[in-house]
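Engineer: One structure, as structure tokens, below. Some questions next.
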2 protein chains.
Amino acid sequence: MPKESDDLSTLGELGESAVLGRIFPRLPAASAQLLGPGDDAAVVAAADGRFVVTTDLMVHGPDFRLAWSLPHDLGWKAAASNLSDVAAMGAVPTALVVAIAAPADSPISLLEGIADGFRDACGALAPGCGIVGGDLSVSDTLTIAVTAFGDLAGRPPVLRSGARPGDVVAVSGALGEAAAGLRVLFAEALDANGAPDAVLASLVRDRTTAQLTPSPPIADGPLAASAGATSMVDLSDGLAIDASRVARASGVRIDFDRGALGADPDLALGGGEDHSLLATFPPGARLPGGFRPIGTVVAPADDEGNVSVILLDGKPYTVSGWDPYTGWKDSGVAGGSAG
Amino acid sequence: MPKESDDLSTLGELGESAVLGRIFPRLPAASAQLLGPGDDAAVVAAADGRFVVTTDLMVHGPDFRLAWSLPHDLGWKAAASNLSDVAAMGAVPTALVVAIAAPADSPISLLEGIADGFRDACGALAPGCGIVGGDLSVSDTLTIAVTAFGDLAGRPPVLRSGARPGDVVAVSGALGEAAAGLRVLFAEALDANGAPDAVLASLVRDRTTAQLTPSPPIADGPLAASAGATSMVDLSDGLAIDASRVARASGVRIDFDRGALGADPDLALGGGEDHSLLATFPPGARLPGGFRPIGTVVAPADDEGNVSVILLDGKPYTVSGWDPYTGWKDSGVAGGSAG
């Protein structure tokens, strides 16, 4: 864990200029940066005349709790989850811009830790990717807004809509481990009043890594594209939900092999936030990187009605899961049931 | 004003999927869009192999009040302020991504209004620019995160650091009008308890347009670049503060002509949020678009110490202004004083 400052000064005491002076030196540089922070805007290289872009908000409450996540965790996860969206297009992440709104009485160490988390996640998961710009603001609710960019290197983007019957369904990365980590936090890191507790969370740290600091296989995104992946998606809302998006966009169904989903197939299918990569490959394709087969793409049902597009060992699997507006008071562990 | 829906359904009642279904059709399309919303990421054209990028958070409380701003105003202003940062590099705005976190009990009309504001601002200020992606989340604090992109069309970006002694200092757009509008709101649109009041705000609507829905001269940014501007900046924190950034980055001083600053030079120098464009041009250059001369770039002082880099009619002008961490409880009308 990198050393954060012991300085207890608050953002409000230091002021924007001093805060920026403390944060800038910690940020990772981007190889694609042509002009970095300090002007009205940055300039980033887009060698093939296009860029991939994705944006995401992490909000205190629904997305994380400060009692459970260290500042370094927050930066790491914000980076990892956005890098994964870029990778899921088959692109190499090139740069991020990051805007943070924090309470004025936050200690400077909060922003230093977040910055270090971004630096370490970029270094570990997407070397060469860095932060080219950002914004600091004040809010009662700690909020981290990340926009991430990627380079397709001349390849077409890998869409959700390209899966074809007969394709192999494969995944790279964990299934259900982030949700299992969240279950541990809800089961073992709430105080007597039901509030998240930092000391209890520290005791279960080794079982919550996949939730707090996921390490998605970013390099496998471009590898999948080069290997001819017909569709790809980042697993943010859970395998069953995200696969159903691929199935609907492609006009197919996806049949998962229960034996390939580990000890707890319902957790693997329902758990969100792994940020693993789900891709489909033509039959017989050699799976690149860390991809392993977990199912098959099958033709759509004759009945176009309200039929499940997700199967488990050939039987319809009912998908349920996360909704940011209706579901945020839940534990985030989406449920599913074989039916 | 565009018609918002009378539907009182909340975001939480509708759920993410239905909310997206209501918002997507209202969003403006971008000419540069190669792949739009609906996949893990979007793909945007960057014809000259680079793109300009800027990001900004608008947070309820420090940046706006729902009692004073209509939803349409919020979308408009979020678009306008980011388009202006792109224009200040000399770039043509091409696309935005927008992430919004709102309380789950917000009516759908809030997001519809914000979307319409983005659409109308893009259409009015930067035709061809549109929204290519976004994110919806839940937060106790309404937060709008915008990242904007621009195309330099082969030109170098216009930086803050290029002003040279002898250059003409020129501005396009209003000076102090946004701050004057905020003064009106604080003076005439607070209720008996000092809280922002919607009915009172509606009575002063005609005097608060520059604050609530600024119309910066976006097209003048690329025009200035083509005309040989040596430096340029977006006036977000006030003329004196933003000009001092140009002066420090360029190693020069800027001498404003009091007679060119209107009836209230202190308001013109101190008021923020106009999002007008301040640029410097070589002596004798023909000023393009709406640019008008308001001062001259002069050589740095012999004494490199703590000297004001901003002059008014040749005399040092003391700069003070907005800081998001220390200043957000103030009215936002930054003060300055001739000294």
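Yeah, the Cβs are placed from backbone N, Cα and C, and that goes for glycine too.
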Engineer: Going by TrEMBL, B:ASP40, B:ASP234 bind Mg(2+) 3; tell me which of B:ASP85, B:ASP105, B:ASP167, B:ASP191 is listed for that site too.
Structural biologist: B:ASP85
Engineer: Quick one: which of these binding-site residues, B:THR54, B:ASP234, B:SER236, B:ASP237, have their CA within 10 A of B:GLU273 (substrate binding site)?
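Structural biologist: So the list is B:ASP234, B:SER236, B:ASP237.
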Engineer: Which whole-number value in Å describes the distance between the Cα atoms of B:ARG160 (ATP binding site) and B:ASP40 (Mg(2+) 4 binding site)?
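Structural biologist: That separation, Cα to Cα, works out to 35 Å.
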Engineer: Need this for a regression test: binding-site residues B:THR55, B:ASP63, B:GLY134, B:ASP135, B:ASP237, filtered to those with Cα within 10 Å of B:ASP85 (Mg(2+) 4 binding site). What's left?
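Structural biologist: Those close enough are B:THR55.
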Engineer: For a quick check of understanding: given the listed ATP-binding residues B:GLY134, B:ASP135, B:ARG160, B:SER236, what is the maximum Cα-Cα distance in angstrom, as an integer?
Structural biologist: 32
Engineer: Compute the C-alpha separation of B:GLY134 (ATP binding site) from B:ASP40 (Mg(2+) 4 binding site), stating it in Å without decimals.
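Structural biologist: Between the alpha carbons of B:GLY134 (ATP binding site) and B:ASP40 (Mg(2+) 4 binding site) there are 10 Å.
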Engineer: What are the non-local neighbours of B:SER236 (ATP binding site), defined as same-chain residues 6+ apart in sequence with CB under 8 A from its CB?
Structural biologist: B:SER81, B:SER84, B:ASP85, B:ASP242, B:GLY272, B:GLU273, B:HIS275
Engineer: What does DSSP give as the helix, strand and coil breakdown of the domain 'PurM-like N-terminal' (B:38-150)?
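Structural biologist: Summed by class, the stretch gives 35 helix, 46 strand, 32 coil.
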Engineer: Determine the minimum-neighbour residue: among B:ASP85, B:ASP237, listed as binding-site residues, which Cβ has the fewest other Cβ atoms within 10 angstroms?
Structural biologist: B:ASP237
Engineer: Kindly assign B:ARG160 (ATP binding site) to one of the three DSSP-derived states: helix, strand or coil.
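Structural biologist: SS state of B:ARG160 (ATP binding site) = helix.
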